[in-house]
Amino acid sequence: MSSLVYFSSVSENTRRFVDKLDIDATRIPLRPTEPFLHVRDPYVLVVPTYGGGNEGGAVPRQVVKFLNDATNRSLIRGVIAAGNTNFGAHYCMAGDIIAAKCQVPYLYAFELMGTTEDVRRVREGWGRFWQRHSPTPA
Amino acid sequence: MAEKLKLVDRVQAINWNRVEDEKDVEVWDRLVGNFWLPEKVPVSNDIQSWATLSDVEKQMTTRVFTGLTLLDTIQGTVGAVSLIPDALTPHEEAVYTNIAFMESVHAKSYSSIFSTLISTREIDEAFRWSEENPNLQRKAEIVLDYYRGDEPLKRKVASTMLESFLFYSGFYAPMYWSSRAKLTNTADLIRLIIRDEAVHGYYIGYKFQKGLEKLTEPERQDLKDYTFELLFELYDNEVEYTQDLYDPLGLTEDVKAFLRYNANKALMNLGYEALFPKDETNVNPAILSALSPNADENHDFFSGSGSSYVIGKAVNTEDEDWDF
């Protein structure tokens, strides 16, 4: 089954976006005390960019940990990133970094918790993407 | 005006080894990592470029910067400081002191732009304009009223509006010049301010949402209604202010799209859905690209066939946390 995996900090911006998508989704745990997430099916990762001046830390460390697991990494099929254009060249940079490191397509970028338009476009693209990328779509 | 000074009721020695809200540490680290001073930006390289602007263009730009100076002064001296007594954690208090100081750095940086580009007489004239422009003064009054009021969450709403919305009628101008390859060093400096304001708006908006969690549903609804009313009040005023500044250059409609785009982001920082629909927030691509060079990259499911997806540029991010 194809699915969506996401990370959201306590600000809950990314969770709000994912909730609006109404797609079956699994959250990467926020705290190290929570059980580690092991995925078994191909997924698209939705991730916020920790904005700032330097590139280090753009990808939340919980997401780095999740992707450091070889099985988790082998199942990623694409990435969607959130950010804020105020961060200039670092806008949604987590998407660039993950796409480059995991060699997967960078599917979509949106700001903060996403607009109605962002939700519409991702929902429309979702089915088409999985038709192309999975022989047995969900 | 003599006002009773409100201070925190009780101070405990701040212990950064016992943190209640991890967001406080994250934002503190981010703000400290982003620290900068105007002296680091070679604004003097813009002197020749400044000389190519017409008198009307110079006047608009100077007035924009005095308006921004006023907002940063308010936020540094009153706004961020007014949030301290209602902070939920001692670390939140510390973050506000950082925000207050950075706003003062921002306010000062406009003066360094002025002293580099224009004469004392022109500077004085621009400051006089800012004192006399009713729409700018109105904007300051609306926000200051809430800062003085005794409703902590309304203060946070007003503060987030200032950080994430009210600056942008002004920020448009340096992005406009940058998109035309003018005043590019000044634009670099303003981008540093824009970056800071994003973190400030995000953080204050987040703390507003933490505060909402403790309220009843009707109370939350009241604050939501208040937020949208305030937004409309500020928006109407921003439109008039925008006309004052940009009508002579025919840019008003373009700026208004930018205002609505940022108003949506201010609402999102407060945890509310965007208000203005896509058709009304189509920011001029040149302006958006001056703000963020990769904002218009087509990371999009619809970017044609599957093979045309962006697979990530070479990014230099060897972070020791990555294992692969």
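We number each residue from 1, going along the chain as drawn.
A Cβ is built for glycine as well, from the same backbone N, Cα and C atoms used for every other residue.
Any TrEMBL annotation is an automated prediction that lacks curation.
Just one of B:D72, B:D145, B:D150 is listed by TrEMBL for the same Fe cation 1 site as B:E103, B:H106, and that one is B:D72.
Fe cation 2 is bound by B:E103, B:E197, B:H200 in TrEMBL, and the record lists one more residue there from B:E132, B:E163, B:E229, B:E233, which is B:E163. Chain A lies within reach of none of the binding-site residues B:D72, B:H106, B:E163, B:H200 when a CB-CB distance under 8 A is required. In this structure, the CA atom of B:D72 (Fe cation 1 binding site) is 12 Å away from the CA atom of B:H200 (Fe cation 2 binding site).
Between the C-alpha atoms of B:Y110 (active site) and B:E163 (Fe cation 2 binding site), the distance comes to 17 Å. B:E103 (Fe cation 1 binding site) and B:E197 (Fe cation 2 binding site) have their C-alpha atoms 9 Å apart, to the nearest angstrom.
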